[in-house]
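Below is one structure, written out as C-alpha cells; comments come after it.
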Amino acid sequence: MSLCFLRKGCLLSGRFSFKNIIHNSFLSNSRNAFGISGQNTWKAWYHFPTSSPKVLHKLKVLTRGSVTVVSPQPFTEISSKAQKVVGSWLMVCSGMVFGTVVLGGVTRLTKSGLSMIDWHPFKEFPPKTDKQWEEEFHKYQQYPEYKLMNHEMTLQEFKKIWYMEYVHRMSGRSIGAIFFLPAAYFWYKGYFSKAMKPRVVAFAGLLAFQGLLGWYMVKSGLEEKEGPDAVPRVSHYRLAAHLGTAFVFYSLLLWSGLSHLLPPQTTHVTAQVRKFRMMAHATKGVIFLAALSGALVAGLEAGLVYNSFPKFADRWIPSDILAYSPKLRNVTENPTTVQFNHRILGETVACLVLGLWIYSRKVPLPPRARMAMNYVLVVGALQVSLGIATLLFYVPKVLAASHQAGALTLLSTAIWLTHEMKLLRRLPK
C-alpha cells in the first residue's frame, strides 16, 4: 500500500507504505474531513494494488502543518530475515572501514607507509628467513626515505614499520573478502532488493578503486624529488583523495546499513522540521569538508607549523598565509594556509553543531532523532577539544590518531541524524 499526495492537480507518489496517518488538530476543527480546502491543504490517498486497474481511494484531507507519518515500512521484495542479514553485513563492513581508516592514520604517523615498495593484490606475505628480510631491507634502502631520513635505521627497526604497513594492507584486503564473498552469495540467494543491487555494484567499484588509489598514493612517495623541499612523503593530493574515497565509501555503507536495520521513526511534518533537516545536511557537508582538509594538513605536516591557539603565534592571521606564488597555490600547498583553512572549517563545524542543537530544542523531533542530535553535540565538542590538544602538544601520535578517528565518529553521528530525517525528502514541500 503506497501513499500518494495530490496538490494542485499534481500526483506525487512515494515508494514506502504507512500503517497509519494521524491527523492531529485539523479534524477536530473541521465539519467535513473530506470537503475542506485551502492553500495549505493536502489530499492524501492510499493506493491498493489489485489485479484490476489501479484505483485511488480518498483517505483524508490533511493540512500541511499537521501531518504525522507513522511507522514507515519500505517497499521491498525481500524477507525481513534477508533485510536484517544484509543490514548487519553492511554495518560490519562499515565498521571494518572505520578501523582501517584509523589504522591508516597510525601508519602515516609512524612513517611506515613507504616501507613496502612492492604491491600485489594477492601475493604479499611477510619474509620468512633472515635472508629474505635482508633482501626486503635492501630494496627499501634504494628509495629516498631511507637515503634522506632513515639511513641509520637497523633491520629490527625496519621490521616494525614494515609490519605496520603490512597490517594496514591486510586490513584493506580483509574488507574486500568480507564484502565481495557475502555480496556474491546474497545476490545469488536473492537477498538484495531491486534498489539495493545498483548500490552493491557501486560499493564494489568504490572498494576496488580505493585499493588502486592506495598504491597510487604510496607510489608518489617512492619517487625522487628535487629542490629544497624534496621531503620523501606521499602526495598530499593523493592522500586527500585516498582518505576522501574511504570516507565516502564508509558513509554509503553506514547509510545503507541504517536503512536496513533502523528505519526512521514517526516524524511530525512542520516547517521547522523541514528547516532542521536542511540545516542538518548542511552541517554534515561541512563536517566532511573539514575532515578532507585534515588530510591536506596531514599530508603537508601542517600541524607542526603553528602550535598555538587561538592565535597563530601572536597574530590572528599569519603573515605567511599568502607566501606562495601564484596566490591560488597557497590554498592547497602552503602549510600555513592549509592549517588556517582547517582551523576555520573546524570552528565553523563547532558553531554549526551548537546552533543546530539549540534550534533542535524548538523542533518536535522523534526521540531517536533527538538522541542523535545530542550525540552530534557531544562528539563535536570532543572533536574540537582533540583538535586543539593535538595542535598545542605538537601532534603526538595518540592524540593525532584520536583526532582522525573523532572526525569519522562525528561524521557518523551526523549521518545517523540525517538518516532519521530521511522521510521528509519523500514528502512534497
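Glycine is treated like the rest: Cβ placed from N, Cα and C.
Features reported for this protein in TrEMBL:
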type     : residues : note
TRANSMEM : 85-106   : transmembrane segment
TRANSMEM : 170-188  : transmembrane segment
TRANSMEM : 200-218  : transmembrane segment
TRANSMEM : 238-258  : transmembrane segment
TRANSMEM : 285-306  : transmembrane segment
TRANSMEM : 340-360  : transmembrane segment
TRANSMEM : 372-395  : transmembrane segment
TRANSMEM : 401-419  : transmembrane segment
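Through the fold, the transmembrane segment (238-258) approaches residues 87-88, 90-91, 93-94, 97-98, 100-101, 104, 108, 196, 199, 202-203, 206-207, 209-210, 213-214, 216-217, 220, 288, 291-292, 295-296, 298-299, 408, 411-412, 415-416, 419 of its own chain, all at least 6 residues removed from its boundaries and within a Cβ separation under 8 Å. Non-local neighbours of the transmembrane segment (200-218) in the same chain are 113-114, 116, 119, 121, 169, 172-173, 175-176, 179-180, 183, 187, 192, 234-235, 238-239, 241-242, 245-246, 248-249, 252-253; each lies 6+ residues outside the stretch with a CB under 8 Å from one of its CB atoms.
Of the Cβ pairs linking the transmembrane segment (372-395) with the transmembrane segment (170-188) and spaced 6 or more residues apart, fewer than 3 are under 8 Å, so the two regions do not touch.
Here the transmembrane segment (85-106) has long-range neighbours at 78, 164, 167-168, 171-172, 174-175, 178-179, 182, 186, 191-192, 196, 243, 246-247, 249-250, 253-254, 256-261, 298, 397, 400-401, 404-405, 408, 412, meaning same-chain residues at least 6 beyond its ends whose C-beta is under 8 angstroms from one of its own.
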